[in-house]
Amino acid sequence: MTLLTFRDVAIEFSLEEWKCLDLAQQNLYRDVMLENYRNLFSVGLTVCKPGLITCLEQRKEPWNVKRQEAADGHPEMGFHHATQACLELLGSSDLPASASQSAGITGVNHRAQPGLNVSVDKFTALCSPGVLQTVKWFLEFRCIFSLAMSSHFTQDLLPEQGIQDAFPKRILRGYGNCGLDNLYLRKDWESLDECKLQKDYNGLNQCSSTTHSKIFQYNKYVKIFDNFSNLHRRNISNTGEKPFKCQECGKSFQMLSFLTEHQKIHTGKKFQKCGECGKTFIQCSHFTEPENIDTGEKPYKCQECNNVIKTCSVLTKNRIYAGGEHYRCEEFGKVFNQCSHLTEHEHGTEEKPCKYEECSSVFISCSSLSNQQMILAGEKLSKCETWYKGFNHSPNPSKHQRNEIGGKPFKCEECDSIFKWFSDLTKHKRIHTGEKPYKCDECGKAYTQSSHLSEHRRIHTGEKPYQCEECGKVFRTCSSLSNHKRTHSEEKPYTCEECGNIFKQLSDLTKHKKTHTGEKPYKCDECGKNFTQSSNLIVHKRIHTGEKPYKCEECGRVFMWFSDITKHKKTHTGEKPYKCDECGKNFTQSSNLIVHKRIHTGEKPYKCEKCGKAFTQFSHLTVHESIHT
C-alpha cells in the first residue's frame, strides 16, 4: 500500500518561476506548504522533516531545495511527479492531459495509486477548502508558466525581452494546441491589446469596467492566489480571529507567517548574519539595516529636503516630518500627506455626483460607479463573507465595511462606543475587563497596550531615543520631547478659565486648577497630611521611611531630594553659575545669591515677633528666638 507523502502535496518552483511571484504570493506559498506539512504530521503520514519545510521555516528561497535534490540524483521524486499526484488527490479536472504533458508533468498515471485514498481522506479532512483551492491555483500557474517557456513559444524570443513581456504573447501562440481552450486566455488578452497594457499592468484605471474584468481573468492565472490571500486576511482582520497559537507561550496570531516569526524568539535562531560586524538577526529586514549601519550606506534620499537616510521606513517618516503634503482637496484646498487621508476627507463632503440607474446608488467617484456596474452585472470575483458585497478587482472589504455603516463599524457592547478599526475596539475593551496582557519582565508592571510597555522598558534600559534639536536634551517618550520643545518656543497653549494664567504643559494647568478648588486628594497614611499632587506625597513619605534614593557617584553621599544632590555635585565640579551683578561674587546655588543680594539692598525679611529685630536669613532668626525661650 502506497501512503500519501509530503512530496504528493508539495509544489516546487524553479528560480525563474519563483521570481515571477511577488512577496505576498511567496508568503502565501510558505503558509500553505507549512500547513500541509503540519496536517500530514498530525495524522502520522510523515515523520522526517523535508528539506523544503526546513528551508521555508528559515525563510530561504525554496528553489534552492529543488536544485539540490536534483543534484543528489533523485529525478523520480522531482516536481513533475509531485504535481501530477497532487492534482489527482485534489480531484482536479481543470488541466487536461495534453496540458500536463506540455508542461512536462509525467511519471504518474492519471488514476490514483492503490492505497492512496485512505491517507488522502485523512489529509483533506484537515485542510480548509481555501487551502486546497490555493494549491490548485499554484499548479495552474506552474503549468502555464511551463507552456510559456517551452521551445515553440520562446524560439523567436528577443534577447532584451524578459519573462514578463514574453509570457502573454508566447502562450497565446500555441496554447490552443495544448488543450487549454477552457482557460479563455486568448479572449482575455485581446482585451488587453485594446488598452495597450502588455507591459504596464498598473494602468488598469484607464480601461473600461469590462476590460477590468478580463484583465482580472488573465491575472487569475498569474496572481489569482493573491486575491484569495487578501480576502482571507481581510476576513480574519475584520473578525479579530487569531487561529495560529504558539505552543510555548500561548500567544495567538492572525497569520501563520507571524507565528513562524514569533517562534524564532523561543528557539533563539538567527539565520541572517552581517559580514561586517558578525551580528545575527531573525528577520531579513533586521539584517539589512545593520549592514547599512556598518557600511555607512544611506541608499534612500528624500526628494523634499535632500536628506539621505539608511532605511526606507525612516525615509517615510522624514517625508511626514518635512511637511510633505502632496495631496490637495480641490473643493476646500486642504492638503494631506497621504492619498488615503484625502480620500477619507472627500467622503466627508457627502457629495456623490455619480448615480447608477439600475439600483439608484450614488457614488463619490466615477470609478466607484464603474465598480457598481460590474457588481450588478454579476461579475463578483471576490466576496466578503461578512458583508456579502462583491469586489471585482483589488477588493477592499475593510473600506467597504467602514463606508457601509457610517465609517465606524466596530461597536463596544458595554458602553456603545464606536470605532473605525477593530484594533481600537480591542484596546478599548480592556478598560472594561481590566486586562493588562503586556507585562514587564524586570519589575512585573503590566499595561493594556504594547506601546506603553515599550515606553516603560526604557526606564530600565535608560534608553532615550528622542532628542531635542535645539539643546540636545534627550527624552524617553515622544510626548515628553513635544512638551520640552515649548520651552524654546515659549508656546503656552493651556489657559486657566478661572484666572487666565497660561501654561506650557497640560499637567501644569491641572495642578494649577487645584489652587482654585482647594482640592488635596493625596493623603499621607502616616501623619494625615494632604497634598495636591501625587509626586509631592511620594517625596513626603521619605520623611517617614528615611529613604534616600539619590547617591553621589563621587563621594558616595546619599540624599533624600533630587535638588539636594544637584546642589551637592557642584561642590565636586567647583561650578558657580550664579553671579552677583553688584560685586561679581559667584555662588553654587541661586538661594545663596538671593541671600547675598540682601547685603547690598539692606533687606531683612525675617522679623522677631518678641522684640521686633529683623534678620537677612531665616537661620539667624531661629538662633535669635532661642534667646527669648
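Backbone N, Cα and C atoms are what each Cβ position is placed from, and that goes for glycine too.
Per Swiss-Prot, the annotated SUMO2 cross-link among residues K298, K492, K520 corresponds to K492. The feature zinc finger, as given by Swiss-Prot for the ranges 323-345, 438-460, sits at 438-460. Of the listed segments 83-105, 175-197, 244-266, Swiss-Prot assigns zinc finger to 244-266.
When you go through K242, K352, K408, K464 in Swiss-Prot, the residue listed as N6-acetyllysine is K408. Of the listed segments 149-171, 218-240, 494-516, Swiss-Prot assigns zinc finger to 494-516. Considering K66, K383, K389, the record held by Swiss-Prot lists K383, annotated as SUMO2 cross-link. Residues 595, 598-599 of the same chain lie 6+ residues outside the zinc finger (606-628) yet bring a C-beta within less than 8 angstroms of a C-beta in it. Proximity of distant same-chain residues to the zinc finger (578-600), defined by a Cβ-Cβ separation under 8 Å and at least 6 residues beyond the stretch ends, is recorded for 567, 570-571, 616-617.
With a cut-off of 8 Å between CB atoms and residues at least 6 apart in sequence, the same chain places R486, I502, F503, K504 near K492 (SUMO2 cross-link), listed in sequence order. In the zinc finger (578-600), helix, strand and coil residues by DSSP number 11 helix, 4 strand, 8 coil.
Residue counts for the zinc finger (466-488) under DSSP, split into helix (H, G, I), strand (E, B) and coil, are 11 helix, 4 strand, 8 coil. Counting residue by residue with DSSP, the zinc finger (438-460) contains 11 helix, 4 strand, 8 coil.
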